[in-house]
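Following: one structure in structure tokens, then a few remarks.
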């Protein structure tokens with residue numbers, strides 16, 4: 001198996017000294033190759049000048065072994081066709097495929113001839129070799145790339161200095177596994193093209209799309225070379241990496257925003273300091289899901305532009321409209337960085353958020369009023385008025401909340417009495433009967449951070465479509481009853497029907513109700529008249545003995561300090 005000129009050197013292929021045996025009785029004119037195993041696929045066959053790695057058992061025709069690469073625990077590595085082997089083996093290896101196994105019979109004239117080889121190979125010996133080919137490469141080989149899956153869309157490919165995350169299986173050319181990121185259950189994360197990887201991988205990853213799958217095959221010169229890695233990768237080994245690219249970014253990247261839906265009307269865009277409610281689905285760049293507000297059945301609510309969310313989201317939520325849908329792609333240095341979250345988001349992961357803007361407001365917002373007034377308006381509402389109106393209520397994104405129409409009657413309130421939310425109170429002032437308004441009410445003038453359980457979400461902006469149907473003018477502030485005519489100078493005596501110099505609750509109530517029925521006095525509209533009269537009576541009953549005397553009885557005008565419900 002070596003040149004005859006090198007017979008005095010240590011025999012590289014056969015280190016085991018065995019007792020010689022007799023030559024076979026039938027000589028051979030040429031080598032005989034019997035294929036004992038042929039692989040299904042043969043992408044490459046040995047040619048002159050190729051470098052090969054193979055295992056063998058060397059035997060005499062009677063089966064007696066004289067040498068074995070298996071016994072030495074290392075393959076035989078050699079160039080083919082350069083005279084580094086005995087002529088018969090140089091010839092027998094040509095055309096072999098990786099993983100092919102052949103029984104090679106070599107006559108003496110193509111082996112060690114009449115001289116044999118020391119005490120190991122007798123003169124004129126026919127030699128048998130059971131050969132298993134494990135590797136082929138050539139000095140001219142470059143990285144070979146076979147893409148077997150490519151995603152439908154590929155917005156960007158790997159370039160020099162990009163940072164990538166990928167999974168791989170690493171095998172020798174014969175399929176022997178030497179490493180796998182899958183078994184470690186974490187991606188391999190690195191920069192590309194700046195020498196952090198072996199040269200073949202640096203080249204093989206260039207031009208890949210996220211989601212692409214490649215077979216990258218490289219010769220030893222672009223892998224671990226003449227020495228291997230010292231453990232699982234032998235010297236002079238071709239390497240095969242089955243790679244799937246999961247993530248790709250560059251340290252210079254900013255966020256990428258893709259507007260997927262924009263509403264026809266957008267009266268205002270979000271700005272720094274706004275409070276926003278939005279839904280989102282969060283995935284890694286390869287589509288792996290990590291979080292969703294939809295799964296929790298509630299929006300994500302936060303201030304934007306103030307550092308309450310990751311920097312990339314802070315940027316991506318600026319300048320949006322209510323109802324807009326965006327895809328926001330965020331590089332790791334604007335997301336969770338090299339560490340990730342420790343659970344669902346790996347270190348150095350690019351994040352993709354599909355965002356739907358539900359509403360936003362600013363803490364300085366007031367009620368926005370859009371009005372459609374009737375042609376004639378003789379009176380506008382003020383605090384204390386009793387009004388009747390219809391309304392439809394929704395969230396800012398149009399989600400229905402409530403409507404007075406479903407009750408089949410108007411909604412009736414006293415303005416200024418705290419019977420509606422502050423934003424509605426404000427929006428109902430200075431209205432004309434027949435006027436229609438659209439009110440946009442920020443949450444601090446609506447139902448606040450808590451909302452209404454099961455009806456109004458926390459921190460929700462509300463929209464009311466209202467129409468005013470009736471107004472009953474209220475009383476001056478602080479009054480629950482007023483006289484339409486001059487007050488009788490004998491008011492106490494008129495109330496005291498039984499002339500016992502004191503007025504009981506029945507006398508008091510009957511008298512007030514009679515004055516109202518006669519049009520001489522008026523109770524505050526929108527309240528229970530009996531409750532008003534009861535409060536008025538209690539205010540006059542100074543000593544709380546259940547009766548009013550003439551000394552206790554006073555008009556409101558006579559008491560500057562009085563506040564409510566007096567005469």
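Cβ atoms here come from the backbone N, Cα and C positions, even for glycine.
The signal peptide feature in TrEMBL is assigned to 1-21.
Residues annotated as domain 'PPIase FKBP-type' in TrEMBL: 49-137 (among others).
Secondary structure by DSSP for the domain 'PPIase FKBP-type' (161-249): 16 helix, 36 strand, 37 coil. Sequence annotations record features per position, and here TrEMBL assigns domain 'PPIase FKBP-type' to 161-249 (among others).
Helix, strand and coil residue tallies for the domain 'PPIase FKBP-type' (273-361), in that order: 13 helix, 35 strand, 41 coil [DSSP]. The domain 'PPIase FKBP-type' annotation in TrEMBL covers 273-361 (among others).
Residues annotated as domain 'PPIase FKBP-type' in TrEMBL: 384-472 (among others).
Summed and averaged per residue, pLDDT over the domain 'EF-hand' (483-518) gives 88. Summarising the annotation, TrEMBL assigns domain 'EF-hand' to 483-518 (among others).
Taken from TrEMBL, the feature domain 'EF-hand' applies to 528-563 (among others).
Residue counts of the domain 'EF-hand' (483-518) by helix, strand and coil are 18 helix, 3 strand, 15 coil (DSSP-based). In terms of DSSP helix, strand and coil, the domain 'PPIase FKBP-type' (384-472) has 13 helix, 37 strand, 39 coil.
Across the range of the domain 'PPIase FKBP-type' (49-137), the DSSP-based residue counts are 14 helix, 37 strand, 38 coil.
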